[in-house]
Amino acid sequence: MTQVQDHSPTPQVLNPPLLGISGLNVYYGESHILRNVDLTVGQGQMVCLIGRNGVGKTTLLKTVMGLLSPREGQIRFRNEIITRKSPHQRARMGIGYVPQGREIIPRVTVRENLLLGLEARPQGRKGNDTIPEEIFDLFPVLKTMLHRMGGDLSGGQQQQLAIARALMGKPQLLVLDEPTEGIQPSIILEIEAAVRGIIEATGISVLLVEQHLHFVRQADRYYAMQKGGIVASGATKDLSQEVIQRFLSV
Amino acid sequence: MVLQLIQGLFNGLSIGSVLLVVALGLAIVFGLMGVINLAHGELMMLGAYTTFVVQNTFRPLGEPVFSFYIFAALPMAFLVAALVGLALERGVIRFLYGRPLETLLATWGVSLILRQFVRSVNGSLALSLGVFCLLFFGAWVILSRLRRDWSELRNRVLWGVGILSGAIAFFTHKVLDSNPTFSTLWFSARNVDVTAPPWLRGGIPLGNFQLPYARIFIIVLTLICVVGIYWFLNRSNWGLRIRAVTQNRNMSACLGIPTDRVDALTFALGSGLAGVAGVAIALLGSVGPNTGQNYIVDAFMVVVVGGVGNLFGTIIAAMAIGIVTYLIGSGTIAALLLPIDALKPVTEFFLFFATTSMAKVMVFALIIAFLQFKPAGIFAPKGRTAEL
Amino acid sequence: MTVDILSRSQSLKRERKRQFLLEGIAIVAIAIFLIGVMPLLLTPFRLRLLGRFLSLAIVALGIDLIWGYTGLLSLGHGIFFALGGYAIAMHLQLQLPPGQIPDFFPLYGVTELPLFWQPFYSFPFTLLALILIPSLVAGFLGYLVFRNRIKGVYFSILTQAALIVFFNFFNGQQKLINGTNGLKTDTNQLFGVVVSSQPAQFAFYTATILILILLYVLTRWLTSGRFGRLLIAIRDDENRVRFSGYDPTAFKVLVFAISGGIAGISGALFTVQSGIITPSAMDVAFSIEMVIWVAVGGRGTLVGAILGALLVNYARTFLSEQFAEVWLFFQGALFLIVVTVLPDGILGWLRSWQWGKVRALLGMSAPVVTYPSLEQDPEVQKERQEVGEDGNQ
């Protein structure tokens with residue numbers, strides 16, 4: 001019987017959370033997928049969702065992005081209710097999304113894929129077509145591939161492109177859905193390092209779904225999901241062996 | 001002999017050009033939204049009628065100006081068709097997103113309405129329509145500004161407002177209809193004729209034949225449209241957005257691309273192209289309310305054969321269908337084979353199909369045969385996007 | 001537990017039997033009313049109109065079978081309709097003294113009956129042909145399209161193109177089937193009775209009703225059993241059907257062929273009651289209109305298809321008699337309204353509305369949930385107790 005307590009680094013009263021989800025219920029048709037989910041991501045915090053396959057982690061992220069609309073509940077971002085906003089409005093408010101399966105636009109060049117990331121800036125793209133050097137510092141491999149089609153890249157390269165694309169919009173919250181899924185170990189480390197580097201350099205918040213324990217440990221807080229609900233949460237440094245065995249497919 | 005073939009190819013090319021402009025709009029919209037617009041032919045017809053109106057407006061201006069009415073007609077036709085298309089997308093199609101078969105039926109309804117509209121439009125109908133739009137959308141805008149709980153009230157209120165403004169508009173129509181200035185039909189059900197400007201009459205002589213300037217003009221016009229669309233899709237910001245949404249709608253939205261505006265813009269663009277095609281067909285012959293129907297099914301076939309989301313496939317398909325239809329339909333192939341005695345049965349076979357309508361029978365058979373080898377068109381999309 | 005389920009399934013069976021019985025009684029009552037009472041109420045002209053509309057209701061059944069149940073929107077049913085019509089008309093045209101040929105042939109300089117006309121001398125052959133020719137054409141066309149997994153909008157526009165092709169063919173072939181003018185049937189004789197005469201027309205009217213009922217029962221049987229469930233499965237997720245080991249292509253071809261055959265019967269009955277068949281039966285607009293009959297009534301409900309066909313056709317007669325112009329506007333609006341506001345048609349709307357009322361009366365408002373809610377899930381509860389919970393901080 002381990003009691004897990006709240007050890008989040010920032011006191012929540014002073015600093016309203018960047019993202020706050022309360023009482024979220026999501027259905028696919030008649031099937032109840034998410035049940036009364038409450039979750040917060042503080043400023044500069046990295047939060048990791050864990051749980052076995054099919055418990056609703058991806059559904060939760062899709063609902064945060066606005067790809068699914070909840071039947072009940074509220075999502076607040078930067079103190080604004082965004083529950084009824086469309087995905088593109090949320091993106092422009094500063095949520096960068098790196099979906100499961102990368103979802104690179106396949107028949108558009110890498111460069112254009114990156115430029116599309118600029119759409120998320122509050123003022124839109126507006127003729128801007130420069131790609132900042134920092135992107136290439138993080139993911140040097142992309143620089144050599146600018147004129148390849150996005151669909152021709154390998155899985156790991158696509159993953160890096162997807163993260164880079166999300167960063168192009170200068171988001172305040174980065175939503176990452178299993179960034180290491182199906183990627184060779186050496187690149188996993190590279191991606192992990194890049195994500196850590198981004199957080200250190202820009203101080204953005206991250207909401208992450210991950211199965212890879214090493215990566216999970218980078219997060220400040222974790223939420224564990226089971227059958228569509230949050231069943232446990234706490235600081236990752238208190239992540240016990242029991243919880244790991246229960247919720248991570250290691 | 002060779003000249004005959006050249007002329008056949010040339011005429012086929014010009015038919016293919018018209019098909020291409022029509023199909024281009026259809027193909028872009030189909031690629032983006034998975035929607036086939038059965039009212040596309042009617043947008044084309046509106047373009048043709050716009051040409052007619054522009055021609056009549058320019059006639060009093062006298063010669064040097066009148067000759068160039070066509071250059072005013074092109075943007076006007078584009079604009080009229082694009083605006084009607086925009087209204088169609090905003091008013092109907094966007095509510096049917098993800099239900100392509102229902103969209104097909106709804107656009108057919110629009111097509112019927114547009115055809116009858118052209119037949120029975122007169123001053124009073126146009127004015128009462130204007131009154132309706134003014135009242136209905138005016139009330140919409142005002143109410144949405146005034147009431148904070150608008151989104152909940154909306155459906156109920158709009159029904160009421162709609163019925164009320166409909167009644168007022170109907171009353172206006174009845175009153176105005178008694179006045180002859182407003183009750184004369186603008187076009188009526190009869191066909192109207194657009195006369196090509198003098199510099200488009202005649203043609204380049206070529207042996208016994210000539211290559212008409214009007215057809216050359218259409219080919220050039222098509223070329224400009226294709227290059228323009230290519231440039232727009234591949235070089236402009238909106239083009240990149242359109243391509244992104246075409247390939248992955250959800251992800252594009254998550255990147256911050258306003259997909260609804262991309263839809264509206266693309267639909268308007270496709271409709272505008274139909275309007276331009278309308279100018280082209282107005283130069284080829286007289287125009288009636290049903291004109292659009294003559295071209296539209298061929299244009300659909302171009303989209304089917306060309307494949308989704310590939311400009312190049314659409315071009316090849318349009319040209320192939322245009323040329324084959326003409327070569328068979330005009331009897332060119334039969335005529336070419338005639339001197340060879342050994343091929344008599346083949347010649348007779350081609351003679352049987354040597355009318356415009358029978359050529360369509362043959363071309364359809366060829367298309368079905370083609371689809372047995374390439375069911376997704378000339379350039380099939382590869383990989384995970386292939387699932388329609 | 002098992003006993004409970006067994007008795008429940010038995011009572012369900014009994015319930016279904018009772019429903020079928022009720023339905024049967026209703027059908028017989030309607031048939032008696034239509035055949036026995038209607039002729040007394042309507043003038044012969046109106047009765048002939050009703051007969052025509054009832055024969056159109058037959059093609060609506062066919063459309064419902066492929067669109068409502070299988071999800072294939074055919075815009076080319078006019079082909080099969082016209083093929084049926086032409087088959088019966090050819091037979092009627094051949095009711096001549098030996099040695100003569102139908103009188104349009106000499107106009108185009110044809111002196112000998114074309115070969116493919118010969119078998120239509122025989123009445124049994126004609127009956128068979130008016131069903132089989134459309135089915136075979138539909139089956140062949142369907143096979144060529146479905147085997148390449150062409151579906152959705154593609155299928156619809158291909159059927160429309162096929163329609164235009166057939167139209168062009170029939171329209172252009174004066175020497176074979178009298179081109180644009182079509183084939184008249186009114187003045188010909190069938191079994192020694194002039195087709196347009198009252199008794200003959202009443203016989204056709206009765207036959208239409210009986211065949212409509214027969215085909216209704218057939219389609220009802222097809223759609224209510226395993227076959228029907230398979231069709232719906234194809235409509236909703238074809239790939240899953242394929243991965244479950246069925247071959248959707250074969251079923252789609254079969255159902256398209258059946259639907260084509262039904263359209264052929266409808267065309268034949270319509271032709272003898274309207275007196276002429278022309279290529280205009282293959283008009284693009286007419287074929288799409290067939291779809292809207294089904295949509296108005298309620299697709300996926302066979303009664304809806306019949307009802308829709310009658311309603312729309314009566315509306316058309318009424319409106320075009322009163323104000324000719326308005327009809328196209330009205331029809332266009334009908335398409336828009338049915339698609340946007342009434343996607344399940346009149347019957348679907350009635351059903352959902354009444355169903356909601358019944359449920360409200362019984363006090364059961366909770367929607368079906370596919371798995372028990374989280375709060376009652378013992379596994380989750382255990383998990384919570386063991387691991388601890390601070391979901392809402």
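Numbers here mean position along the shown chain, with the first residue as 1.
Quick reminder: no glycine exception, Cβ is built from N, Cα and C everywhere.
The transmembrane segment annotation in TrEMBL covers C:20-43 (among others). Taking Cβ pairs closer than 8 Å, the transmembrane segment (C:20-43) reaches residues 50, 54, 202, 205-206, 209-210, 213, 216-217, 220 in its own chain, all 6 or more past its ends.
Per TrEMBL, the feature transmembrane segment maps to C:49-67 (among others). Residues 34, 38, 42, 73-74, 77, 80-81, 201, 204-205, 208-209, 211-212, 215-216, 219, 222-223, 231, 255-256, 258-263, 265-267, 269-270, 273-274, 290-291, 293-294, 297, 299-302, 304-306, 308-310, 313-314, 317 of the same chain lie 6 or more positions beyond the ends of the transmembrane segment (C:49-67) yet place their CB under 8 Å from a CB of it.
Proximity of distant same-chain residues to the transmembrane segment (C:79-96), defined by a Cβ-Cβ separation under 8 Å and at least 6 residues beyond the stretch ends, is recorded for 59, 62, 102, 117, 120-121, 123, 126, 129-131, 133-135, 137-138, 162-163, 166, 170, 177, 182-185, 188-190, 195, 259-261, 263-268, 270-272, 276-277, 279, 281-282, 287, 290. The feature transmembrane segment is assigned by TrEMBL to C:79-96 (among others).
Taking Cβ pairs closer than 8 Å, the transmembrane segment (C:123-146) reaches residues 79-81, 83-84, 87-88, 90-91, 155, 158-159, 162, 248-249, 252-254, 256-261, 263-265, 267-268 in its own chain, all 6 or more past its ends. Marked as transmembrane segment by TrEMBL: C:123-146 (among others).
Using a Cβ-Cβ cut-off under 8 Å and counting only residues 6 or more beyond its ends in the same chain, the transmembrane segment (C:153-170) has close neighbours at 72-79, 82, 86, 141, 145-146, 177, 179, 279, 282-284, 287. Here TrEMBL flags C:153-170 (among others) as transmembrane segment.
Per TrEMBL, the feature transmembrane segment maps to C:202-222 (among others). Same-chain neighbours of the transmembrane segment (C:202-222): 23, 27, 31, 34-35, 39, 47-48, 50-51, 54-55, 57-58, 61, 64-65, 228, 258, 262, 265, 269, 272-273, 302, 306, counting only residues six or more beyond its ends whose CB sits under 8 Å from a CB of the stretch.
The annotation transmembrane segment is assigned in TrEMBL to C:250-270 (among others). Under 8 Å from some Cβ of the transmembrane segment (C:250-270) lie the Cβ atoms of residues 51-52, 55-56, 58-59, 61-63, 65-66, 69-70, 72, 74, 77, 79-88, 130-139, 141-143, 146, 204, 207-208, 211, 215, 219, 222, 227, 230-231, 234, 277, 281, all in the same chain and six or more residues away from its ends.
Among the features that TrEMBL reports, transmembrane segment is placed at C:290-314 (among others). Within the same chain, residues 52-54, 56-57, 59-61, 63-64, 67-69, 73-75, 77-78, 81, 212, 216, 219-220, 223, 331, 334-335, 338-339, 342, 344-349, 351 sit at least 6 positions outside the transmembrane segment (C:290-314) and bring their C-beta atoms closer than 8 Å to a C-beta of that stretch.
TrEMBL lists C:326-350 (among others) with the feature transmembrane segment. Long-range contacts of the transmembrane segment (C:326-350) within its own chain (CB-CB distance under 8 A, at least 6 residues past either end) are made by residues 289, 292, 294-301, 303-304, 307-308, 311-312, 315-316, 319-320.
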